[in-house]
Amino acid sequence: MGSTGNTDKAKRKNKKNGEASSSSTPSMPTRVWQPGVDKLEEGEELQCDPSAYNSLYGFHVGWPCLSFDILGDKLGLNRTEFPHTLYMVAGTQAEKAPWNSIGLFKISNVSGKRRDVVPKPLVNGDDGMVDEDDEDEDSDSDEESEDGASSVPNIQVRRVAHHGCVNRIRAMPQNPHICVSWADSAHVQVWDMSSHLNALAESETEGKDGTSPILNQAPLVNFSGHKDEGYAIDWSPATAGRLLSGDCMSMIHLWEPASGSWTVDPIPFSGHTASVEDLQWSPGEANVFASCSVDGTVALWDVRGGKTPALSFKAHNADVNVISWNRLASCMLASGSDDGTFTIHDLRAISDVNKAKVAHFEYHKQPITSIEWSPHESSTLAVSSGDNQLTIWDLSLEKDEEEEAEFKAQTKEQVNTPQDLPPQLLFVHQGQKDLKELHWHNQIPGMIVSTAADGFNILMPYNIQNTLPDLAA
């Protein structure tokens, strides 16, 4: 539904009265806020519209964690019932190198409610409008469960000392207790976090509210063969333990699992002329991977075919910061650039770069910092940017004026949606500063976690979750 793009809304604030109430202040029309286009007038402030989310929660624990990963768990696939529990691993960006750590998070009691995209049919002449008292009751129900217990999520953390800032961290999909970290000291380290995850799983109080001490633990592997620090790293989805790491000197090393440890090929893959920013293994071919670089290119490699790219093409006119290979449609690769644009490439037509570029968006105003395809819907992806926006897109959508008119009639929509928004834009999430990374939860359809300089957000936009295919069928 292309007409359901939701954003924060700008509402006029009564400056004379510190507490504006609906009974004393005339209601002002609500409008959609466009970052980089609209400006706040004196007396206006941005307010989040909670009805746009099935669930929304923000938190921070200590130093900013500008890279993280969601861990696979044994709590069930395609979970749809609240409350939810999730596990994460994250690395800090502390002021001093010795103060850094890797955090293992257990976040439980994530509550919410599924909201209707279109209101229920009118009954007994009801006008279909939501009463403010009803809204208050809804919001109260979000804060308190039926038995009166608080529905604020329970956060538990176990920390492991890590010397230096963590540029990027990833968990092995086949064995989530095995994690790899890229340090700003140019070291790549592999860790076994099983004891910490077990402690969190077996207790509701272990490390509660971030009170646990930082524990010392030696990594399984500490590779110092890179000539500079880096950010690019990816575990193979096809071969457990297979790993790639790329650095700011344009070199990429292949790691192979070997009897409980790893063997790192000392001869790197070489082909880029500037920093390698991101790496993605192919979801369909075990020996193929993609890389992107500050040199503006995306390269495709086959580990069986030597140390140079099988193919390289100009993807953007600026640095290519991030890439994501579609796990449900393996011919599609998304790339995000420093100039704020992101592009969808059809690898079946890659011999002609112009034909391969099936979609190109210039919506964001600052560098793209993260991009990831949905694990549950092949045409949907999420993007974060330095303009403090997290956006969700459905590439299958086209503008349908009749459908929009019908939707507005059903919802009695008062929001004056800007006409120049791309029809593929489903949702805009704001409120975080300096967004760095986002991930979909593979086992909780519609859930996204994002991290920024001011902490984490867990969000489940109502028009994403409610329109997903029935995964249980």
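A Cβ is built for glycine as well, from the same backbone N, Cα and C atoms used for every other residue.
What TrEMBL records for this protein:
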- 1-33: region 'Disordered' (REGION)
- 19-28: compositional bias 'Polar residues' (COMPBIAS)
- 44-110: domain 'Histone-binding protein RBBP4-like N-terminal' (DOMAIN)
- 116-154: region 'Disordered' (REGION)
- 128-147: compositional bias 'Acidic residues' (COMPBIAS)
- 269-311: repeat 'WD' (REPEAT)
- 361-403: repeat 'WD' (REPEAT)
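According to DSSP, the secondary structure content of the repeat 'WD' (361-403) in residues is 3 helix, 18 strand, 22 coil. For the domain 'Histone-binding protein RBBP4-like N-terminal' (44-110), the model's average pLDDT works out to 95. Broken down with DSSP, the repeat 'WD' (269-311) shows 0 helix, 21 strand, 22 coil.
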